[in-house]
Amino acid sequence: MSAAQARHLTTLATGRYGFELQTLMERAGESLAGLAAHLAPDGPVLVVAGRGHNGGVGLAAAHCLARARRAVWVVPTHEAENYSGVPKELLERLAELPNVRLRSSLPKMKFSCALDAAVGMRLEGPPRGRTLDVITVLNNLGCKVLSLDVPTGLAADSGEVPGDVVRASATLALALPKPGTPPGGVVGDLYLASFDLPEALFHDVGLEPFVAPSPWARIV
């Protein structure tokens, strides 16, 4: 599924099919949190979240992990005032949870797992600035890194790497894998979360759905 098809899928889901965007993000976040818990059953988790849909799912995953009594550190990629809509609401709710720490910079400590929800499919040119800093830190944490849809720095459609890129241990694709994310390399192990979208929705975008046998399935 290309980046354009993914955007079209979301537009139809929240329009013609009547899904709330928050519901979609929370479903995807549950899958992301569940896979993170599978890969790293205990210990603190770092969540790096951008201000778009990818970041919103990362923030929803942080909620799920916090409810499961995991210690969660959340580092937004932008200042709080730059977040809007569902991601903003999720960020504000996270600030109220006792086992969640919001940080403006990446903490120097040991994590069992880090969630890369910084950019997703909206990569434009080589990463720079804050995004480049995030990539550098994630690659040097020494823990498992789980990317959402695509590792930050990787072009979802082409698989090109125009600059630095997150070297993920695993990547969770939402709905369908993206063309530039075959298993291995910087993608790591590839998993798919289908989260119960109607088959007709995929057909409307010209795609065949894949229904995972559990909240996620590994693609080999």
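Yeah, the Cβs are placed from backbone N, Cα and C, and that goes for glycine too.
The feature domain 'YjeF N-terminal' is assigned by Swiss-Prot to 6-203, with sequence analysis given as support.
A C-beta separation below 8 Å, combined with a sequence spacing of at least six in one chain, links V57 ((6S)-NADPHX binding site) to M25, A28, G29, L32, A117, L148, L174. Taken from Swiss-Prot, the feature (6S)-NADPHX binding site covers H53, N54, G55, G56, V57, G120, M121, R122, L123, E124, G125, P126, D149, and the record attributes it to sequence analysis.
Note: D116 (K(+) binding site) has non-local neighbours V48, G58, V134, L138, V145, L146, S147, L148, P151, T152, V166, A168, i.e. same-chain residues 6+ apart with C-beta under 8 A of its own C-beta. Feature annotation from Swiss-Prot assigns K(+) binding site to N54, D116, T152; the stated evidence is sequence analysis.
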Residue, out of the binding-site residues N54, T152, whose Cβ gathers the largest set of other Cβ atoms within 10 Å: T152
